[in-house]
Amino acid sequence: MLALRLLNVVAPAYFLCISLVTFVLQLFLFLPSMREDPAAARLFSPALLHGALFLFLSANALGNYVLVIQNSPDDLGACQGASARKTPCPSPSTHFCRVCARVTLRHDHHCFFTGNCIGSRNMRNFVLFCLYTSLACLYSMVAGVAYISAVLSISFAHPLAFLTLLPTSISQFFSGAVLGSEMFVILMLYLWFAIGLACAGFCCHQLLLILRGQTRHQVRKGVAVRARPWRKNLQEVFGKRWLLGLLVPMFNVGSESSKQQDK
């Protein structure tokens with residue numbers, strides 16, 4: 001339990017550090033390198049378009065990250081007549097998390113990167129957080145590849161160029177042909193790629209569970225759920241204003257029906 005509580009502190013700090021490093025690289029390396037193009041128009045310069053897109057992806061990722069933490073999915077009134085820490089909740093979808101020390105309604109899982117449980121109130125924000133984090137990381141990787149290609153005069157036309165970049169760069173770094181800042185960007189390329197793929201896979205997995213009207217906790221416990229149309233399951237999580245939620249981080253408006261069903 002001590003290791004889990006320690007991980008609950010280290011994982012959010014790791015995420016915030018990666019976010020800070022990404023912002024620094026974007027502002028002080030990638031954007032200045034795009035401004036050096038004299039043929040680009042001022043109104044639609046690559047630096048302006050890149051900065052606007054990156055800020056949009058980052059604002060949605062960090063905004064939904066904050067909302068996942070603020071929208072605590074606990075429902076301490078779900079267990080009536082006994083202490084939530086000693087008596088299991090009557091509803092099969094409620095769960096007491098020992099790491100959070102709280103009862104979660106429609107518990108899905110505990111996310112260590114947010115330090116919070118994922119349930120009915122913050123499920124939509126969590127899915128959007130995974131989506132925009134994946135897009136921001138993959139887009140940062142593309143921008144980093146363009147920067148490395150221009151600085152080191154490396155062509156990525158060959159399909160295996162990205163796979164052989166790291167071992168080649170390590171040997172060149174120790175020989176003095178690659179600077180420390182350039183080597184750091186190359187390492188970040190692989191880190192962005194790994195985080196982007198992981199978040200994309202997790203987002204797709206959560207969407208499949210939402211379409212089936214299930215949570216990961218119910219799947220692990222083998223709890224049977226009532227079959228419903230997939231459109232209704234999506235609306236229960238994302239609400240009627242789902243398009244607005246895709247563009248602007250906002251509170252979950254689709255969890256009221258799920259709350260009433262589990263009480």
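Even glycines carry a Cβ here, placed using N, Cα and C.
Considering the side of the membrane named for each residue in Swiss-Prot, S45 and Q70 do not coincide. Below 8 angstroms of C-beta separation, residues 98-99, 112, 115 of the same chain, each at least six residues beyond the ends of the topological domain 'Cytoplasmic' (1-9), sit close to that stretch. Here the transmembrane segment (49-69) has long-range neighbours at 15, 19, 22-23, 26, 30-31, 34, 111, 114-116, 118, 122, 125-126, 128-129, 132-133, 135-136, 139-140, 143, 247-252, meaning same-chain residues at least 6 beyond its ends whose C-beta is under 8 angstroms from one of its own.
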